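Working notes for the structure below.
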There are 2 protein chains.
Amino acid sequence: MIKVAINGYGTIGKRVADAVRAQPDMEVLGVAKTRPNFEAETAIDKGFPLYAAIEEREDQFAAAGLDIAGPVAELVDAADIVVDATPSGIGAENKSLYEEYDTPALYQGGEDAALVDTSFNARSNFGDAVDADHVRVVSCNTTGLSRAIAPLREAFGVEKVRATLVRRGGDPGQTSRGPINDILPDPVTIPSHHGPDVETIFDDLDIDTLGMKVPATLMHMHSLNVTLEEAVDAAEVRDLFADESRLFLIPKHMSIDGSGKLKEYALDAGRPRGDIWENAVWEESISTVGRDLYLFQGIHQESDVVPENVDAIRAVTGSADAEESIQTTNEALGIGL
Amino acid sequence: MIKVAINGYGTIGKRVADAVRAQPDMEVLGVAKTRPNFEAETAIDKGFPLYAAIEEREDQFAAAGLDIAGPVAELVDAADIVVDATPSGIGAENKSLYEEYDTPALYQGGEDAALVDTSFNARSNFGDAVDADHVRVVSCNTTGLSRAIAPLREAFGVEKVRATLVRRGGDPGQTSRGPINDILPDPVTIPSHHGPDVETIFDDLDIDTLGMKVPATLMHMHSLNVTLEEAVDAAEVRDLFADESRLFLIPKHMSIDGSGKLKEYALDAGRPRGDIWENAVWEESISTVGRDLYLFQGIHQESDVVPENVDAIRAVTGSADAEESIQTTNEALGIGL
């Protein structure tokens, strides 16, 4: 069993903890948090040993009636690998801790690509992370783009990618974010950081991305254009995507018109937290005009990187190859079944 | 003085009435409405003769204390031109009325292009409407795309246009429209109707468009990609656009991050209803990557077609050429000053 420490138990960390626990070859050694809140309560309720990410704050947990197993350094020392799911920029600050205890670490997409040995998407470059010490699981949007681009590159060749990312303003729990009733170019300057970030996965890819923010919390929506190296029928792309376990093709007969119904479908299906780990590609939207492919895909910002973190654990620990890991993760979570 | 009848006094009609009244060479002969409401009240208050668009409903206006000047047929008969600003599809039903009285007519972008002799955008194809009997002023989004594309075609040549239109779900007064907290592919199928609609202005243009709807009411936002026939510096595009009176380049120093601040700026400037008649192009967003141009532009759905309707009146009545009409309209409204 791979002993996994999870440093940061917020939106991503708590989902990774549950996903790791569901795997047949991993266990959650403990989770670390900076302060007591409803998530810390839940961690205790779920039986995850809770560590204080900041030792001086152990008192705060005690005052809240939450038992602390110890300081985060103990957890890091005992683990085979750490998943750092702290807010952007904190992962970089934590790197020296992981190095001190010689524990390999995963970081999230908010960290700089230069921090790590390689950036990671299971479908696209699993092999690059094998036996690496510091690996960055790319952001939700970069993950979503990479999953769609990888099979297209292999099957048809990609000349250029142009994508407009219409991003949710904040997650449902992020009550101080906006916009309200507005559509913001964000960033106003072009390209957005997403294009260069996808190039950390495919270093020879030509991609331009534009970002916006809108008053929605449920999912991002991508308007994706891929100029292929050959003219392809839309049906060929649909067939290609249907074979990809982490691309969910929304069939027309489901009458799912947006993120709201998608989430409702996931909740009806009994998925934890209504998570949508796959890219949600509207099958009807897949269209080709000559060599230009177009489609819409919904990206669940809170969860699509979760299976990627699980696979990255296996890559870094050298415990499975890409195909075996992806299949194990999918089966354990219920992806593509 | 060109005697103008306005049939339909809602979002577009009321704005066109005010804009026509502001012109030195036109007068509003009257406006027609189907039922009494706050807009009918305002028409009376502004001194516009109010006609009943449906003769049988004259009683309803009387009951609301609103004086009716007569049935709409009288207005059409007496006018030099009718601006039909009725809801989509009603303009087509009204065409026979205008033909009966041999009064040329303008229709709005919701009507089918096949209904009319030509579709119209002042900057792009003014001449096509000269002395035509039935002319369609294209929709807000098509107007916005055409204004940006016309100068690019002339200056650099356009190989292909790809645009994602992130559309406001409804106008501020449309209280039963959605979405709330969602990002909808709309239509899910690609291309959206906007691309073919732009081709009614430029019949040899290669353009693919994708549409979405989001929880915002103030403006549409376009993510625009134009593959030019030659590589161009972004600065050249900015200089080109700066000379276009109906493209407003938002300078960085204004700190306008979205539709909300744009509208606030327009209201602070004393513009009627806070209208933004120009395309609002974020100057910082204008970027080129080889032959690919990218930019963001905000399109005020309630008002950008208003100056176009005014210019179409002059085209149809043969009373001015494009340059003279656009200049007169701009000066009367305060565009580009």
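Cβ from N, Cα, C; glycine included.
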TrEMBL annotation, NAD(+) site containing B:T11, B:I12, B:G110, B:R168 - matching residue among B:Q297, B:Q301:
B:Q301
Select from B:T11, B:S139, B:C140, B:R168, B:Q301 the recorded positions whose C-beta atom falls under 8 Å of at least one C-beta in chain A, and return them in sequence order or as 'none'.
B:R168
Are there binding-site residues among B:T11, B:G110, B:R168, B:Q301 that sit within 10 Å of B:N141 (D-glyceraldehyde 3-phosphate binding site), Cα to Cα? If so, list them; otherwise say none.
B:Q301
Taking Cα atoms as reference points, which of the recorded positions B:T11, B:I12, B:C140, B:R168, B:Q301 is nearest to B:G195 (D-glyceraldehyde 3-phosphate binding site)?
B:C140
Lowest local Cβ density among B:G110, B:G195, which the record lists as binding-site residues, within 10 Å:
B:G110
So of all those recorded positions, B:S139, B:C140, B:H194, which one's Cα sits nearest to B:Q301 (NAD(+) binding site)?
B:C140
Does DSSP give B:G110 (NAD(+) binding site) helix, strand or coil?
coil
Name the secondary structure element type, per DSSP in three states, that contains B:R168 (NAD(+) binding site).
strand
